[in-house]
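Annotation comment: TrEMBL describes 4-82 as domain 'Purple acid phosphatase N-terminal'. As annotated by TrEMBL, domain 'Calcineurin-like phosphoesterase' applies to 89-283. Annotation source TrEMBL lists domain 'Purple acid phosphatase C-terminal' at 298-361.
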Amino acid sequence: MVGPDRMRVTWITEDDAQATVDYGTETENYGMSSVGSTSSYSYTMLYKSGNIHEAVIGPLVPGTVYYYRCSGNPSREFFFKTPPAKLPIKFVVIGDLGQTGWTNSTLTHISNTRYDVLLLPGDLSYADFYQPRWDSFARLIEPLASSHPWMVTQGNHDIESIPFLQPKPFKSYNARWHMPFEQSASPSNLFYSFDAAGGQVHVLMLGSYADFEVGSEQYRWLKADLAKVDRERTAWVIGVLHAPWYNTNEAHQGEGEGMRKAMEEVIYDGRVDVVFAGHVHAYERFTRVFNNKEDECGPIHITIGDGGNREGLASDYMNPQPSISLFRQASFGHGQLDVVNSTHALWTWHRNDDDEPVVADSVWITSLAANSACKKQK
């Protein structure tokens with residue numbers, strides 16, 4: 001998604017091809033066309049990417065099916081439906097996806113549900129320096145990513161820097177996953193925000209592996225971004241990041257603590273409703289919390305790093321279970337956030353259980369904008 005009424009289409013070809021997208025509202029009838037740009041990248045001396053094309057199409061009508069083809073290829077037609085211009089809207093949330101049998105199961109379950117936008121809180125391909133895995137990952141997700149907008153942020157497995165040989169971090173990630181950071185006045189592709197449902201939902205995509213300290217570019221941008229949000233108009237604010245700020249799993253203990261200490265007060269003052277994280281390969285849902293204590297005006301923190309990665313599940317939890325942790329389980333799966341109206345949203349976690357989708361956790365969420373006790377002071 002690029003701004004309120006445009007989409008960025010990204011595709012890769014082995015051979016030279018035009019960076020054009022032809023599109024229209026009828027199959028094989030493309031009345032509109034957009035010309036974009038082409039780039040490529042080399043990783044160490046062992047890999048050179050294909051031609052990475054991208055083009056922004058629009059303006060587009062909300063809630064409308066568009067058919068499109070890339071580089072004039074008549075043999076491959078894709079389609080997508082633009083998200084709605086008002087509530088309700090449904091988000092699918094998956095973290096730490098990878099490309100395993102469990103990934104396939106998760107993607108199959110997602111393909112069988114109706115949703116508008118996919119959010120991914122980092123760790124996409126698990127290429128882990130072996131660049132052809134970025135290509136196989138793109139082929140794996142193409143049926144879903146070509147038909148719904150994927151809004152992603154980075155994880156530790158997307159860094160891929162090697163001292164001396166490949167010192168620049170996120171080279172592959174940034175080359176392949178151009179997010180709309182420019183539209184939210186962010187200086188970096190590693191953190192940005194976007195609006196959905198005609199501005200009734202504001203989504204923060206934060207960078208756990210970009211500098212987040214007080215006074216950093218990301219910190220300053222976050223404060224400025226939240227200061228622009230009018231909660232009379234924007235009923236919901238959602239945060240997405242990789243390393244969880246709250247975590248009772250034995251895995252990755254404390255790895256999000258530095259970012260929490262630097263940014264939690266900004267998030268709290270911005271009355272962010274929900275914060276989704278990945279990194280821990282399990283599921284966990286917390287109550288509304290601020291500074292390690294239950295707080296009715298803090299966000300609900302949800303760890304959803306169970307998309308299907310090849311490292312397996314994180315099955316060991318701290319005991320006894322802290323009171324702020326309401327539900328936790330090590331199983332692969334995905335989540336759905338159905339924002340029904342300006343006051344209520346339904347969150348459900350869909351567990352992959354013997355390759356069958358199982359709703360293992362669900363909760364109705366009331367927006368902080370609807371809670372008079374949490375009204376921000378003017």
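Glycine is treated like the rest: Cβ placed from N, Cα and C.
Keep in mind that what you see is a predicted model, and the values were worked out from it rather than measured.
On the 0 to 100 pLDDT scale, the model's mean across the domain 'Calcineurin-like phosphoesterase' (89-283) is 97. For the domain 'Purple acid phosphatase N-terminal' (4-82), the DSSP-based tally of helix, strand and coil residues reads 0 helix, 43 strand, 36 coil.
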